[in-house]
Amino acid sequence: MPSQCVSKQTLQRLPTYLDYLKRQGTDPPKNISATAIADALNMNHVVVRKDLASISTSGRPKVGYDRVNLIRELEEFLGYDNADDAILVGAGKLGRALLSYDGFLQYGLNILAGFDTDPKAVNLEVGGKPILPMEKLEDLCERTRVRIGIITVPGDYAQAVCNLLIKSGILAVWNFANVHLDVPEGILVQNENMAVSLALLSNHLKERFSTK
Ligand SMILES: NC(=O)c1ccc[n+]([C@@H]2O[C@H](COP(=O)([O-])OP(=O)(O)OC[C@H]3O[C@@H](n4cnc5c(N)ncnc54)[C@H](O)[C@@H]3O)[C@@H](O)[C@H]2O)c1
């Protein structure tokens, strides 16, 4: 693999290529070129060629990439071949939806359990995952050495939950609460803010209509 360091934009496009390569029907081609992928996805040829070259050296001029090899390289690069365990805190509406979603394994994420303060939620099972009381969080983290924490509690509680996760050994936080989290150096936070995506969407629509 040529480079482990790619731009955020490239990283965000790689799952799209992988998804396309896997959806090739019953008689998929053995080889596929960056140009063919770009055409199929309606993307810029140069961008796709550069993205693929940054994660694979197996592309050959006039032949392209061996499709199966490229799928393996993309999965390896994205870490999908080796599932990371995670825990989730806040088993409410959004938390339960995430716990029930069985597609995460395909992306290398295995949610072990949910945690909640609500006695009515505790000890239920959602999507085959237990919802445990908060008192058990540190112990489970210590036993399983889980490194990813998902936060789906209301914003007012997110920082306290984040602090507890870090104290328990969590190194990466996937934050769905719409608040900024203060974390020490070395802890990674990925914010999932639907308001931001929505703002981009409406701005795009506005621009489109203002030119007509
Ligand atoms: N529901 C959505 O579609 C949606 C979409 C985007 C973002 N969010 C964000 O996700 C978060 C959760 O939203 P929701 O709609 O699922 O809320 P919810 O009220 O249904 O669920 C929140 C859960 O967190 C638990 N909780 C509260 N404080 C806690 C604490 N200190 N420790 C552990 N558990 C605690 C509650 O008992 C509850 O089960 C919010 O921050 C919200 O802004 C929700």
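Cβ from N, Cα, C; glycine included.
Unlike curated records, TrEMBL annotations are generated automatically.
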Open item on the list: Quick test of your reading of TrEMBL: among 16-55, 56-95, where does it put DNA-binding region?
Closed with: 16-55
Open item on the list: Looking at the domain 'CoA-binding' (80-180) alone, can you tell me the average pLDDT?
Closed with: 95
Task: Sparsest Cβ surroundings (other CB atoms within 10 Å) among the binding-site residues Gly90, Gly92 - done: Gly92
Task: Those binding-site residues listed as Ala91, Leu94, and which of them has the most Cβ atoms within 10 Å of its own Cβ - done: Ala91
- [ ] Determine, from DSSP, whether Gly92 (NAD(+) binding site) sits in helix, strand or coil.
- [x] coil
- [ ] Just give the helix, strand and coil counts over the DNA-binding region (16-55), going by DSSP.
- [x] 26 helix, 2 strand, 12 coil
